[in-house]
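Accompanying notes for the structure given below.
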Amino acid sequence: MASAEGFAAVFYSEPGVLGLLGNVVSAFLLCLQNFTVATTGLGPRVAEQILAGIHLILIGGFVQLLAGFLAFRKYDHLGGAAFLTFSALWSSYGVTRVLSAAYPENTTLPSGNASQLLDAGTAPLSASQSAVAGLVAYIAISLILSFCSATVNYIMPFIFGAITLALAFEAVALFTDWALVVSGVLELGIVLCGLYGAVALLLKGITQRYVLPGFGHPLFNVLLLGSAQKSSSKALGEEKKKNTKYAEPMALGNICDTVSPFIFAFYFFGYMKTFCVGAAWISIISSCQLLSSFYSYLRGDGYHTTKFGVHSLFWLVMSWEEFVLTAFLGLPMAQDSRLGMFGAWFFLATACLLFLMSIHKDTLEMLQNASFIVLTSAFVHQIPLSGARPFLGAACSLCTALSLYATFASLINSIGEKVLIPVGPQAVSSSALQAVLGALKARLSRSKDVPSGTGAAVPDALFYICNGLAAAAAIQDRLGEPGRQQLSIPSVLIPGALGQLFVCRIQVRGGKRFGSVLPFCYAVFWGAWTWLRLAGHLLDIGAGNTEGFTAGSIAFLVLNAFLVILASSFNMVLLCLTLAMELLTICFLLFTVENLPLPFEIVVLSIVSVICFYGATASLTNCMFGKDLLMVGPPLLTVQSSKEDREDPLPCVCPRSHLTSGLRTIAELLNTGAVCGVPTDTVYALAASCKHPEAIEKVYRIKDRPQEKPICIFISNLEQLRAAAPPISPLLWEFMENVYPGGIGCIIRKGEWLKKLGVGAGYSRVGTQDSIMIRVPDLTVLVHLIDMTGPLAITSANPSGEADSTHHDMVISRLGHKLEGVLCDGESDEVVASTVVNCTKIDESGIIIVREGCIPAGKVMQIFERAKSRVV
């Protein structure tokens, strides 16, 4: 049974079939076209180019887009990143075919202004030749995907490798015809390998076993690429449990941060003279980056939701600004117009915010954010455009190099579920950063008891950033300047309208009803602002025909007044933003009646930007750490109710742990086959009696846990294990005596001795077929409970893939309606789960740290070395 949030990953079939077939059909289409051109010597006609482009968009693009969605849902890191990447590739190449049919033979866009950017005697490239920058970027990405896929199976490396070579010769074929034949042969190889791979995966999905070879066994073991860092948990950055509900989207986000700056670098170094094709390619890949932001949200990752969302908006805004510049304005006119634009400064401030929020993460993440600061600095509009181009090209090149390495590292580390490719240590620990922020909050509030408002949801920071970007970009120091207005359209429209619609979609997905109203209403507002204030001269809207906007602004004033009242029940920052938007609506109304005091509007827009930046900072900080570290202010209005109305009935039995009667109540429930939440010496867990296999099955349904993820057992003391007489070596006994009781779980070989331990009918539902993890908790309450029930099947008390529960209130609110009882014991002793150690080959090759948790890996290795020395 699936939860309301969707099916578990195990229920999805093989999306790789769709993905591979999308590549097959796209490659076959290009193969036929290339062979036709090579044999006849005639280029494709306009209709053929348009049809080929449409087919590439529909089949190579949309089919693989669907495959990527399903691959992410199936917890397939490589498949999700690869299929969405190739979806963007074929869609971009299809758009290029359509554009090359519309503007053949070295033509420019109809305005003709692009010629002002060209050197004397230099002809602009055709639309198809301008795509070489995107092709080269995807060649590098395809090469990385080919190498990474070799650690998973030995069919995809040949497919992705053939795509890499085919793209290389497609790029050469843009300038000479001899490469068409080579490219066609390689595309034929893609077709054959892809068809075989699709059939193999289809049969595997039907029969639930590998019928044809090629999948299930990699070319080489991913662990050969390096070794996990074992020095300390600090080397791994912020340690978190694996999220098994959705695949990790970091690789996809880094791929997007590779392609976009690479195309910009080509442009700024002078290899592309117009940005029509570049804007199309960046728009498509930036849409994929929005998907990486969306999947980060589904994983509850506020930091990457914000980061990838901001990066996507940045590439979209800057690419369409360059398109407007090259297609409509030209360099001399643009330089004067850019001086009064301030949107890039908000991007720079946001880049600095992301850098500060990443100082407790790994070094590579910090370097990426530092390069983004350099990049946003280079794009500041007050820098002279003619002299800034080499600097812009160098900044884009630096961003490309770091993102390319991050793509490789994130893919390999995700596949291996270990830090195999070094990413560097964290500069500051999470606890130290939280302490600094907490001290800052205490100093500002002058009291630790001042209410700080409601907790921040994941997309709140992105909501504030979209409004802040639009407000900063909307500042105009004079009215009636067409060039500046035209150049400002992308800066206001993309974050203010399109970006907020994305935030609205996230809020709806999260069930935030009022939260989705705000971004939707403000998206409409910024869309109307762009339509009238910035594009009015293009649409012949001016004095005498703005009555509709006047009526609309009055209606929005009334609507926003209700939003102000609703916001007052949330927090002060949101209230201040809605009040500032009310003033901004008044400015819009005054503009429609031609009575606007421009300085007043500039001040209001600046205030909106400042409020939004603080709101983004506070929301991102509070969301990342799960605490109100920065104040957003208490709600101004609260709904008063009687005590009976305020106290909601508990969804299950919730006795206190310090009461003997409470312990007996939970024990009786467990002995009758119930599933209960219990405290442990680390974080809260779900417990089921090993005597009731149906209760263990229920645990999987409650958590929406993939069936392939095993469940461990807890016993009360090591003497119980000795009584069962398992075949354990003296070294393993010595190691267990040193780690039990405590926050370390040992994976040992499974056997019939488990039934003597008291596992009983649940033997086949705990552990794997060959091994099982056993732990002795260091918590008196839980030990007494196990003595009353026998061994318990235990797993963390959180929906699969979400953060651990560190208080009984979290268990009750998240899973209480699915449980029969929760043993309430207040705050947990730890904030992360236990450390898991594989001891199945302890005598041959030592121990392996499967998951580093509350006990650092370095300490575990010290215990093992001490145990080994004693046995020897």
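Including glycine, each Cβ sits where the backbone N, Cα and C put it.
Automatic prediction, not curation, is the source of TrEMBL annotations.
Features of the protein shown, as given by TrEMBL:
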TRANSMEM  7-30  transmembrane segment
TRANSMEM  50-72  transmembrane segment
TRANSMEM  123-147  transmembrane segment
TRANSMEM  154-175  transmembrane segment
TRANSMEM  181-203  transmembrane segment
TRANSMEM  251-272  transmembrane segment
TRANSMEM  278-298  transmembrane segment
TRANSMEM  310-333  transmembrane segment
TRANSMEM  339-359  transmembrane segment
TRANSMEM  514-532  transmembrane segment
TRANSMEM  548-566  transmembrane segment
TRANSMEM  573-592  transmembrane segment
DOMAIN    660-855  domain 'YrdC-like'
What residues in the same chain, six or more past the boundaries of the transmembrane segment (278-298), come closer than 8 Å to it by Cβ-Cβ distance?
68, 72, 80, 84-85, 87-88, 91-92, 95-96, 99, 130-131, 133-134, 245-247, 249-250, 252-253, 255-257, 259-260, 263-264, 266-267, 272, 304-309, 311-312, 315-316, 319-320, 322-323, 458-459, 462, 502, 505-506, 509-510
Mind checking which residues reach the transmembrane segment (514-532)? Cβ under 8 Å, same chain, six or more beyond either end.
457, 459-460, 463, 466-467, 470, 474, 489, 492-493, 496-498, 500-501, 503-504, 507-508, 539, 541, 546, 549, 552, 556, 559-560, 563, 566-567, 574, 578, 581, 584-585, 588, 591-592
For the transmembrane segment (154-175), the distant same-chain contacts (Cβ-Cβ under 8 Å, at least six residues beyond its ends) come to 20, 23, 27, 30, 34, 78, 82, 86, 89, 128-129, 131-132, 135-136, 138-139, 142-143, 145-147, 182-183, 186-187, 189-190, 193-194, 196-197, 200, 214-215, 217-219
Would you call the transmembrane segment (251-272) and the transmembrane segment (573-592) in contact, using three or more Cβ pairs under 8 Å, pairs 6 or more apart in sequence?
no
Sequence-remote contacts (6 or more beyond its ends) of the transmembrane segment (50-72), Cβ cut-off under 8 Å?
12, 15-19, 21-23, 25-26, 29-30, 33, 44, 79-84, 86-91, 93-98, 101, 246-247, 249, 291, 295
Are there residues at least 6 beyond the ends of the transmembrane segment (123-147) whose Cβ is under 8 Å from a Cβ of it, and what are they?
78, 81-82, 85, 89, 92-93, 96-97, 99-100, 102-108, 114-115, 156-157, 160-161, 163-164, 167-168, 170-171, 174-175, 255, 258-259, 262-263, 265-267, 271-274, 276-278, 281, 400, 404, 407-408, 411
Contacting positions for the transmembrane segment (548-566) when only residues 6+ beyond its ends and CB under 8 Å are counted:
514, 517-518, 521, 524-525, 528, 532, 541, 575, 578-579, 581-582, 585-586, 588-589, 592-593, 637
At a C-beta cut-off of under 8 Å, are there same-chain residues at least 6 beyond the transmembrane segment (339-359) that contact it? List them, or none.
303, 306-307, 310, 314, 317, 365-366, 369-370, 372-373, 375-377, 379-382, 426-428, 433, 465, 468-469, 472-473, 475-478, 481, 484, 487-488, 491-492, 609, 613, 616-617, 620-621, 624
Can you work out which residues elsewhere in the same chain, 6+ from the ends of the transmembrane segment (181-203), have a Cβ less than 8 Å from its Cβ atoms?
14, 16-17, 20-21, 23-24, 27-28, 30-31, 34-35, 38, 155-156, 158-159, 162-163, 165-166, 169-170, 172-173, 210-215
Near the transmembrane segment (573-592), which same-chain residues lie under 8 Å Cβ to Cβ, leaving out any that are not at least 6 residues past its ends?
453, 464, 467, 471, 518, 522, 525, 528-529, 532-533, 546-547, 549-550, 553-554, 556-557, 560-561, 563-564, 567, 600-601, 604-605, 607-608, 611-612, 614-615, 618, 632-633, 636
